[in-house]
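What follows is a set of notes on a single structure, which appears directly below.
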Amino acid sequence: MATQVIMVGEFKILEVNCKPHAPVAAIHVPTQTPKTNDIKWADLEFTLAKSLQRQAHGVVKVDKHGTARIKRASKHHMSCLEQQMADEVAEKEAFMAAPTQLVTSIIFAGTTPPSMMETETIVKKIHTVGKRAKVMRKRSYITPPTDKSLRNHGVTPYSVQQLCRTLGNLSKRTGISLEVVGKTSKATKLRFTKTSFGHMARVQLKHHDGRMHRRDLVVDTSTTTIMQTLFLKTARTNANLDVLTHGSSGLVFWNYLVTGQRMRTRDNFIIVRGRCNGILVDARAKLSESTMLSTHHYSTGDVFWRGFNRTFLENKPINLDHVCSSDFSVEECGSIAALICQSLLPCGKITCRACAAKNLNMDEDTFKEFQTQRAREISAVIISEHPNFACVSQFIDRYFSHQRVLNPNVNAYREILKIVGGFTQSPYTHIQELNEILVLGGRATPEQLGSASAHLLEITRFVRNRTDNIKKGSLALFRNKISAKAHVNTALMCDNQLDRNGNLIWGERGYHAKRFFSNYFDIITPGGGYKQYIERRVPNGIRKLAIGNLIVTTNLEALREQLEGESIEKKAVTKACVSMSDNNYKYPCCCVTLDDGTPLYSTFIMPTKNHLVIGNSGDPKFLDLPADISTQMYIAKSGYCYINIFLAMLVNVDESDAKDFTKKVRDIIVPDLGEWPTLIDVATSCSLLSAFYPATSAAELPRILVDHDLKTMHVIDSYGSLNTGYHVLKANTIRQLIQFASNSLDSEMKHYRVGGTSNSQINGYATIKMLAKAVYRPKLMKEIIHEQPFMLVMSLMSPGILIALANSGALEMGIHHWIREGDSLVKMAHMLRTVAQNVSVARATWVQQEIISDSAQQMLETILNGTIPNVSYFQAIQYLTMLAASKEVDAEVRVTGYYTFKLQTSELLEKNLLEPVGGFMARVKLFWKISSNKTFAKVLHCGYNCCQARKARRLRRNLRYILSVCTGQTDGILQESSLSGCEWIASPIQQHH
């Protein structure tokens, strides 16, 4: 007898004694008469017995409000349980009452021996058209194999069923994936996963891989049979299909255990694909195109998490120092992953293309601001709702705090840019680059930060060098090493300017270069070993060229001796070797030194023929001279070696500008510089040319050697230098040479000679003298009108010359010539003629000067017309500007009550200007007398022999005086001429001398 007790709380409600074979235990009611309380409890037990028994066999259900309740078993269910218990008891009693049996054979794995198998006769079907046979579906049995070889090996339906059950148990326990391969279909993959319904079978569908088909799973009959056996291991739990959602795709449910709207299936199970219009869709059903597109598949999350899990495992760190364990809730980890995604890439849906496009098209600043704001909100959510993930909140705060780093001090950036923006040399360029990086703040890339450190390193080195070099005013630590990199001249790298041999094609530049060679170069006459060209005269001494080494000896010993050259007295680094500005060294304007601080001395420089050599401190570059010029050897005239600098600039001039460039150099630059100008004048001229032709600022300089002993800069041409021991100037380009033009530059070298006298050869006095000659020389005046028309303005320096110019008809001649060229020259001539008429009326010199000064400003406005490549134009502009400014200043001086001495000096100045003109005019007046006397003497030669001696001597004295006045000499000498007929007149004069 077995006793069952039913308890409610702490009270015993019912005690039942059951026999082992009884399906339901009988209720025992005591027969004795109980007391009053016992009777009440007995009645309650009798009343609740059946209800509690049904409740014991009930199931737990959760309603829509989340309340868990016990659903009691139905009466039908209770009767079934009683019948099942009775059957089990009867089966056990029958087994125990059965007689003893002998075991005669043992069969392993439940198979049937071949001897016991019966041969099955296969009856072929008759192919007739008849009614469709009714399909009979069996529940869970596998059809016997028809293959004879399988039957011979003992494969029976029961053995295959056992195999499937064993594999199902293994997959359910380990989670491995199974593949079922049918006769006609592809492999069907399935595995057992743990869900809220228990361990459920999940089939791999096509849409799990992103493939959308009308039939999501294709299986044949044999595959379905095997899958049915495997599905027996699925949890047999009542399920409501209406609660299925994402992640339920591929799950298998038995039809008799589920409730809710679903699609009908041929089998007794359904494979979840998705939901269409509230109806659960089976994966094996063939859908229409529209139904397939409207079906809401339940595998999106599964695909996402499968990719997330795979990528997470592939990229996890391999050098972990501990064994990982599952300490956090998986659901909470999913929430954290979503928050991190929203902080990095804010969006409405992670699969939304519009959100992705919006983030992509947003500018950097706006996106960072939006992203930072979202990160702050998410960080607060993590701290409040997920305290276990404080590390994530810390990461977000640190990461986005760097994103928000901005440089608020924009004013400092502007001030730095104002200070160093105009400098193009180190360290100002490094300061400017560092300033550009610092203003970026958090937007600076790692490469830019590394570049900032490099710029800061260069600034640090500069400050250290400056401190060391300027300390105590000593040059002991001065270093100015030569650049290790050769200068890249882009004009020599363009393929269009080079021939097939890599030589420069001069083009029109070579033709216009003749203006240099014809005016400032001498043609070398070969012969005598070029001895007459070896010594080069300089203002304070000589320098020897290596032109004699063009004749090369084949004796190696003698050749080595020639390569030694002739050394001058070597000078150490002194104050003259450096140039400073604002207490800083201008390194391009200093002499080159070695690593130990000693100067770099020049060595023997080999000569070449017909080359232009450029490249100062680096490796020299040899350019062939233009083809028309290279047929002969040219050498710069004495005092004009600086022409090689302008010739080097011509390399970087466009061919269309070559004519204008060479004319400017010939008509403006060289006349101002003359012979042996100072370096500061040459640098200023280069600056003027680079303003018109910016590309020339990058032109390379010829080699320049510094002679501190003679205070001279030697511009080395292609004939090299035999003398050695000179210092080397570091400046390598025209831009670097222009730095010598600064008045604030503290340098002795800028006053060294490179060519000319200190005063210009073309000045106002020389011009007025030429105008005085041209007044009485029509050919010279015509040449001035054609070539230098603005020279006529210089006649305003002298009222007398201005009147003579107007009376000679030169202004009318100019008007007829200029009327075809432009209005400015014609207006200039009319104004000069008007001023001359007004001046001729005045008697006093100072009144005439006042009339000229009053017209200076108006004439300046008339002729000022941009830049004209003409030396007389600049000279006229300069003179008129001086007159206008002098007029304005004198007026202010007179208003304040002061007196100028200009009135007293005007007559003296006019007298000095007219003195050579007066002598010349006297000689011109006497010219006709000389001509007439010569003719008279020739005609009356015979008649003078009859004259008295006293009259003949008087005639000789008159002729001698006329000749002296005409030639401008006090001791005039009349050369004998067989054509003059004056031998008898010239003879006494020659005897006198």
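Cβ coordinates are placed from backbone N, Cα and C, and glycine is handled just like the others.
Residue ranges 345-348, 349-352, 461-464, 533-536 are listed, and Swiss-Prot annotates 349-352 among them as motif 'Involved in interaction with stylet and aphid transmission'.
When Cβ-Cβ distances below 8 Å are used as the criterion, the motif 'Involved in interaction with stylet and aphid transmission' (349-352) is approached by residues 341 of the same chain, each at least six residues removed from its ends.
Other Cβ atoms within 10 Å of the Cβ of Ser249 (active site, for P1 proteinase activity) number 26 in total over all chains.
Nearest in space to Asp216 (active site, for P1 proteinase activity), taking C-alpha to C-alpha distance over the active-site residues His207, Ser249, Cys641, His714, is His207. In this model, the motif 'Involved in interaction with stylet and aphid transmission' (349-352) carries an average pLDDT of 78. Sequence-distant neighbours of His714 (active site, for helper component proteinase activity) (same chain, 6+ residues apart, CB-CB distance under 8 A): Val538, Arg543, Cys641, Ile704, Leu705, Val706, Asp707, Ser721, Tyr726.
The Cβ neighbour count for His207 (active site, for P1 proteinase activity), using a 10 Å radius over every protein chain in view, is 23. DSSP assigns Asp216 (active site, for P1 proteinase activity) to coil in the three-state reduction, outside any helix or strand. One residue stands out among the active-site residues Asp216, Cys641 for having the most other Cβ atoms within 10 Å of its Cβ: Asp216. When the motif 'Involved in interaction with stylet and aphid transmission' (349-352) is classified with DSSP, helix, strand and coil residues number 0 helix, 0 strand, 4 coil. In the three-state DSSP assignment, the secondary structure recorded for Cys641 (active site, for helper component proteinase activity) is coil. According to its DSSP assignment, Ser249 (active site, for P1 proteinase activity) is coil.
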